[in-house]
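What TrEMBL says about this protein:
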ACT_SITE  Cys74  active site, proton donor
ACT_SITE  Cys74  active site
ACT_SITE  Cys198  active site, proton acceptor
BINDING   Asn13, Asn65, Gly75, Asn76, Asn170, Glu188, Arg189, Gly199, Thr200  substrate binding site
Amino acid sequence: MQLTFYKYQGTGNDFVMIDNRQQFFDKKDTKRIAFLCDRRFGIGADGLILLENHATTDFKMVYYNADGNESSMCGNGGRCIIAFAKYLGIIKDSATFEAIDGFHEATIDHAIVSLKMQDVSIIENHNTHVFLDTGSPHHVQLEEELEQLDIKTKGYQIRYGAPYNEVGSNVNFVSKNTTTNFSVRTYERGVEDETLSCGTGVTAVALAMHFIGETEKNVITLQTQGGLLNVSFETVDKGYKNIWLIGPATLVFKGEI
Ligand SMILES: N[C@@H](CCC[C@H](N)C(=O)O)C(=O)O
């Protein structure tokens, strides 16, 4: 059967997007999802996202990593699905939707999407790194020589090492440019490689840098390999609320396979 798909990217984190409001897509076919994401034999993407009907919000988002498995929240995917929902005529300039980590609000202004993330109340500050969950689990560590790092090798060791083991964590390497600007490179679980950007990752980095005192600001710019993202937040007694991930989300092409 022919499958109509849409390819989106948000700061270079790219996704195969499928309108599954008619529920035709076989979600159990992990091999096919991995095939569609394969960059040599398939369409090529860091993940695949289904847009589905929802009883009380504008739509539901279902996210799969490039390995074919359903996973936790994808921040850049969440921004891209807003652009997709607008393209399909489901929403205008604002929306609410449900994802695996709960309900989200978002707005879109031309190609710039602002996505509200879940509140974060648990942040583990270890000596060498910070660990927190921004919808997906993230290990965050500061590095002096970010450009020289072998992200695939180092990220793989941390992702599969203790205490994360098989379940794993995404791994973010960070360098500080100014008090409001940090560079980030991310090894993504489920892609098992560096991606050009990770939305839940840069959100984790912004909160972690504030938490450990590297910044006192609450609007942070994150330079990823695929472009700039902004994260704003409010500090509360036990963590952070009103967290927004802001940046571009673009349709690359539409096709059939
Ligand atoms: N690219 C995503 C993160 C997707 C989930 C991640 N690979 C995981 O399995 O935890 C983002 O933009 O947040």
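Placed from the backbone N, Cα and C atoms, the Cβ positions cover glycine too.
Bear in mind that TrEMBL entries carry predicted annotations, made automatically and left uncurated.
Predicted, not measured: the structure shown is a model, and the values here were computed from it.
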Residues flanking the substrate site, with Cβ no more than 8 Å from the Cβ centroid of Asn13, Asn65, Gly75, Asn76, Asn170, Glu188, Arg189, Gly199, Thr200 and excluding those residues themselves: Asp46, Gly47, Cys74, Gly77, Ser136, Thr186, Thr195, Cys198, Gly201
Three-state secondary structure, Asn170 (substrate binding site) (per DSSP): strand
Site with most surrounding Cβ atoms, counting all protein chains shown within 10 Å, from the binding-site residues Asn13, Asn170: Asn13
Distance [Cα-Cα, Å, rounded] between Cys198 (active site, proton acceptor) and Asn13 (substrate binding site): 7
Neighbour-count leader, CB within 10 A, active-site residues: Cys74, Cys198: Cys198
Intrachain C-beta neighbours of Thr200 (substrate binding site), sequence separation six or more, cut-off 8 angstroms: Ser72, Met73, Cys74, Gly75, Met117, Thr134, Gly135, Ser136, His138, Asn170
Diameter of the substrate binding set by C-alpha atoms, the set being Asn13, Asn65, Gly75, Asn76, Asn170, Glu188, Arg189, Gly199, Thr200, in angstrom: 15
Three-state secondary structure, Gly75 (substrate binding site) (per DSSP): helix
DSSP-derived class (H/G/I helix, E/B strand, else coil) of Thr200 (substrate binding site): helix
Count of other CB atoms lying within 10 Å of the CB belonging to Arg189 (substrate binding site): 25
